[in-house]
Ligand SMILES: NC(=O)c1ccc[n+]([C@@H]2O[C@H](COP(=O)([O-])OP(=O)(O)OC[C@H]3O[C@@H](n4cnc5c(N)ncnc54)[C@H](O)[C@@H]3O)[C@@H](O)[C@H]2O)c1
C-alpha cells in the first residue's frame, strides 16, 4: 500500500480516533514521522490446519500484526474469537503502541488472533490451534522480538501451550516469550487485579487534583468482568458507593448502593447480574447503567458503548475509561461539551499491560517477584504516569485525555526521529 500525504489524516482518524487525530494535528510532528507511524511494521496472515476430533480437517485463518518496535520488542494479545479480523487487530496494535508510549514501557504494540469460536472446539482442538499458531510465527516471536499475551478467548492454559511449544522449537526454556502464564510457569502474581489497582491509583490522583474527596462519591460500572468487577470492589473498599452495575445479561440500579462483593461472588459462581435480586435494587437494561446519575461512570465492557445518544443523556462528572475506546467518535464532542472529565483509557487501564511488562522483566532477570513487590512497582509506575499526565494537562491547559495523547506523541517522536 502506498501512503500519500493526503491520505495520512484519515488513516490516523481510523487508527487512534478523533482524540489522537486532533493531538497529532497540534503536535507539529514531521511528515516523515507521520508516514512511519501510518503503517504497521509487519502483518502476517496464515492458514492453520487442525485435525478435528471427528477425523475431519479444518483450516482456520490467523494473523499477527506488529505495529512498531521503536521502543523495544512488540507485545500484545492473541485472541481466539469468531469476529477476529485484520482491521480490528491493526487498531488494537496501534492503541497498544500509544499505551506503551504514554506509560514509558519498552515495548511496541502488536495484536494477533485466529478467526474461530473456541467454545465450539474441544480442548485438544484448541491446543492444536495454539501450538499451530506459535509454529506459524516462526522466528517472529521471542522475548526480544514479539511477546504474546492472552486476550479474548485465550487464557493462562492457552498461553501455557504456546510457551511449551516455543520452548520445544527453541530447545531451551525461554519464559519471556509468552505472558499471562500461570505463576508456576513464571507468570506474575497479582496479575488479575492489576488493571483495577492501576485505575484506582489514577482516579485517586485526578480526584486530588480536582480537590474532591473519594469517600462518598458514587459510581456505576458497565461490564462487571475481570477489570470492571475488580475495580468496583477496590472503589467500594475505598469508600465510594456503587449505584449501578451491568454485565451482558442485565443491569441493576440502587441509589442507596449495591454490594460490589455480592455481585462479584455471583460472577465467580458463574451467575450473571440478571440472576441477582439485591435489597432495594431495580433492574435496568445493561447500557442504561451508563446514563444513571453518578459521579463517575466506568465503561468496562467493549468499545464504542457511549454512543452519541447515550452521551446526550449522561449525568456524571467523570468517565473512567477501562474498556479501550469506550466513547464512540461521534459522542466525544458531546461528552466534552457537557464538561464531563474523561480519564483516558491509555492511562486508566494501563495496569494490566504494566504488570504484563513486569512478567517479561521478571522472566528475563530470572528472579521471582513476590506479589507485594509486583504491586508496589505497579503503584510507583501508575502514579508516575498519572502525575505526568496531570502536569502536562495543567501546563498546556488541556484535558487529561488530550495530555495523554501529547505524551504519547512526544515519546513516539523521540523514538522515530532518525
Ligand atoms: N482485564 C484487563 O486487565 C484489561 C486491561 C485493559 C483493558 N481492558 C478492557 O476492559 C474491557 C473488559 O475486559 P475484561 O478483561 O474485564 O473482560 P471480561 O470478559 O472479563 O468482562 C467483560 C464484561 O463485560 C460484560 N459485557 C459485555 N458486553 C456488555 C454490554 N453490552 N453491556 C454490559 N456488559 C457487557 C460481560 O458480561 C463481562 O461481564 C475490555 O474492553 C478490555 O479490552 C481489560
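Even glycines carry a Cβ here, placed using N, Cα and C.
Automatic, uncurated: that is what TrEMBL annotation is.
These figures come from a predicted structure and were not determined experimentally.
According to TrEMBL, the substrate binding site annotation covers 75, 99, 356. Per TrEMBL, the feature site 'Important for catalysis' maps to 151. TrEMBL lists 195 with the feature NAD(+) binding site.
Residues 195, taken from the recorded positions 75, 99, 151, 195, 356, are distinguished by a CB atom under 6 angstroms from ligand 1. When the Cα atoms are compared, residue 151 (site 'Important for catalysis') and residue 99 (substrate binding site) turn out to be 16 Å apart.
You'll find the Cα of residue 356 (substrate binding site) roughly 10 Å from the Cα of the residue listed as 'NAD(+) binding site'. Annotated pair residue 75 (substrate binding site) and residue 195 (NAD(+) binding site), C-alpha to C-alpha distance, rounded: 17 Å. Cα separation, residue 99 (substrate binding site) to residue 195 (NAD(+) binding site), rounded: 13 Å.
DSSP gives the residue listed as 'NAD(+) binding site' a helix state. The Cβ neighbour count for residue 356 (substrate binding site), using a 10 Å radius and every protein chain shown, is 24.
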